[in-house]
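Chemist: The annotation active site, proton acceptor is assigned in Swiss-Prot to 164. Annotated S-adenosyl-L-methionine binding site per Swiss-Prot: 63, 65, 83, 99, 124, in sequence order.
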């Protein structure tokens, strides 16, 4: 019975995925994922990424956000990406594969970044979901805390940050933490984010150091 339910749920997800206009649009445009449209909407509203900037992309694979960011920063900019999963090379993107919770990987990433000279930290990280809402929420909040900690280590004064957060336990506390670290914090729900998803994006500007 459980398997049948799971199978029906998987079929529904696959149908929804392949009928999704953003999935179709991403394929037509040669983009790596539909997630790029979320960043594109954030960029249209908030203009976080500018030519010549240095951007760090956490949880980058398969590379949709990095693919978009590298076009925005141009030849004089720099995109540094990190993910536990492998990612096909992208021109202009400096990719490090590994789990930055591990000290050696974190050190290698910080070495690539080279100090507090980052203009934008962005994170579309999400844990592998188990279906246990309490455990999944705790894991997702742990990841967003890690991305905020990365901001504290690498962002320059007045730098910016955008991060995917799932509404639920711990959200309000995290929102307040971000508010304490940045001058302005906004919550965005891009049109390309599925309506039934609890995900939202925090967009924070004016890092206080």
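Cβ from N, Cα, C; glycine included.
Because the structure is a prediction, the values reported are computed rather than measured.
Help me picture these features in the structure, burial and contacts included.
Modeler: Cβ neighbours of residue 164 (active site, proton acceptor) (same chain, under 8 Å, six or more residues apart in sequence): 123, 124, 125, 126, 144, 199, 200, 201.
In the three-state DSSP scheme, residue 124 (S-adenosyl-L-methionine binding site) is classed as coil. There are 23 other CB atoms within 10 A of the CB of residue 124 (S-adenosyl-L-methionine binding site), with all protein chains counted.
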Chemist: May I ask which residues of the same chain, at least 6 positions away in sequence, place their Cβ under 8 angstroms from the Cβ of residue 65 (S-adenosyl-L-methionine binding site)?
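Modeler: When sequence neighbours closer than 6 are ignored, residue 65 (S-adenosyl-L-methionine binding site) has 35, 36, 39, 57, 122, 124 within Cβ distance under 8 Å.
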